[in-house]
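If you check TrEMBL, you get these features:
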- 1-32: signal peptide (SIGNAL)
- 130-190: domain 'Peptidase S1A alpha-lytic prodomain' (DOMAIN)
- C226-C242: disulfide bond (DISULFID)
- H241: active site, charge relay system (ACT_SITE)
- D269: active site, charge relay system (ACT_SITE)
- C309-C319: disulfide bond (DISULFID)
- C345-C372: disulfide bond (DISULFID)
- S351: active site, charge relay system (ACT_SITE)
Amino acid sequence: MRRKPVVRAGLSALLVLGALSGAGGAFSTAAAASGADAPAAKPAAAPAPSATLVRALGRDLGLTADQARERLGQEAAAMRLEPKAKRAAGASYGGSWFDTGSGKLVVGVTSAERAASVRATGATTRIVEHSADALDAAKTRLDEKARKQSAPAGVSSWSTDPRAGAVVVRVRQGSEGDAAVRAFLREAKRSAAVPVTVEKAPAQAPTTFAAGTVGGDPYYTGNVRCSIGFSVQGGFVTAGHCGQAGGSVSGWDGSYIGNFQGSSFPGNDYAYVSVGSGWWTVPVVLGWGTVPDQLVRGSAEAPVGASICRSGSTTHWHCGTVLAKNETVNYSQGAVYQMTKTSVCAEGGDSGGSFISGDQAQGVTSGGWGNCSSGGETWYQPVNEILSVYGLRLHTA
């Protein structure tokens, strides 16, 4: 086992530690339990949120302490309910989202008969015109077009919006009159069997959040600094744009951690790194002193509208809400598909870091626009897809 002289506060977005000695003594926590859950594990009952987590959520979402505590409880209930409600909806399922006004999960359904079955699960329903399958099919046609011919740089992203019952294309401010953008929008509307709406996006192009080598608490591969996402059995998951398969990874102290065993970018943005040489994994996301380090207990998906927090080695801990799912992001390196968009900020070096909702792993930071001084939006690669692709088991407490 590798021995470290001290415990550093903020080793990475997720602790991947060797044996600790010296002033810190041995690392001891319930997070070091070696049990593992299958992907998309159902959330277990969690302890009450810490006061600092409540304050962090209040800071970023403008909530009082009581409102933050209540919302966390409501969102946990919505995550537990969503799979059951989706099964009850069957083919009429039109997507779901968390309604902050009522504090309940809302499920879109195309059939009034099915709506009664969904309400019996405890969810609220809304009758919608188009099923989630129909929305996804329309969005997939746009994805296929982008795979054959890159989308114009003036198109920032596109996604399904179950609340609007439409595919939403986001165009960068100032690019509305671009001929290639207009042609892309015409084709999108012509080929879709569902409504296609256009929203204005910031003029700044979406970028990934890797960074050059600088000081701090990162992991490194070559001259790139990124953040660790989540522990899995034998390693951790992170962003694909951070490194290529076979690449060597070192820790904050320069010591060898392991190697990229798989990586995919663009198209996807995920990677798997194996660890060895005295390092081991623990199911913890660093709170960076803003909140206590957070235990990971599963990977149940948070619905659109739910609160979510991010941990990264540059800007540490920030929170926001889930804005959209199944979004295609038009990076300069190529489109990345099936991403989740959030209102959380991030900056260079935060790439690969953890997105977590309550105690449920959500995904790894990919990219976005803006910063944590003036605000912005960030996309993440959903973690359950990474677990499935590489046949990994999330390390949970």
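Any Cβ shown, glycine's included, is placed from N, Cα and C.
Curation plays no part in TrEMBL annotations; they are all automatic predictions.
Where TrEMBL records a feature, it is marked here on the structure.
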{"residue": "C226", "record": "disulfide bond", "CB count, 10 Å": "33"}
{"residue": "H241", "record": "active site, charge relay system", "CB count, 10 Å": "27"}
{"residue": "C242", "record": "disulfide bond", "CB count, 10 Å": "33"}
{"residue": "D269", "record": "active site, charge relay system", "CB count, 10 Å": "32"}
{"residue": "C309", "record": "disulfide bond", "CB count, 10 Å": "25"}
{"residue": "C319", "record": "disulfide bond", "CB count, 10 Å": "25"}
{"residue": "C345", "record": "disulfide bond", "CB count, 10 Å": "24"}
{"residue": "S351", "record": "active site, charge relay system", "CB count, 10 Å": "32"}
{"residue": "C372", "record": "disulfide bond", "CB count, 10 Å": "17"}
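Ranked by CA distance from C226 (disulfide bond), the recorded positions H241, C309, C319, C345, S351 have S351 at the top as the closest. Among the recorded positions H241, C242, C309, C345, the ones whose Cα sits within 10 Å of the Cα of D269 (active site, charge relay system) are H241, C242, in sequence order.
Proximity to C345 (disulfide bond), judged by a C-alpha distance within 10 Å, picks out C319 from the recorded positions H241, C242, C319, S351. Taking the domain 'Peptidase S1A alpha-lytic prodomain' (130-190) as a whole, pLDDT averages 96 in the prediction.
With C372 (disulfide bond) as the anchor, the candidate recorded positions are H241, C242, C309, C319, S351, and the one with the nearest CA is C319. Within 10 Å of H241 (active site, charge relay system), as judged by C-alpha distances, the recorded positions found are S351; the full candidate list was C309, C319, S351. DSSP classifies C309 (disulfide bond) as strand under the three-state reduction. Here S351 (active site, charge relay system) is compared against the disulfide-bonded residues C242, C309, C319, and the shortest C-alpha distance is to C242. DSSP gives C226 (disulfide bond) a strand state.
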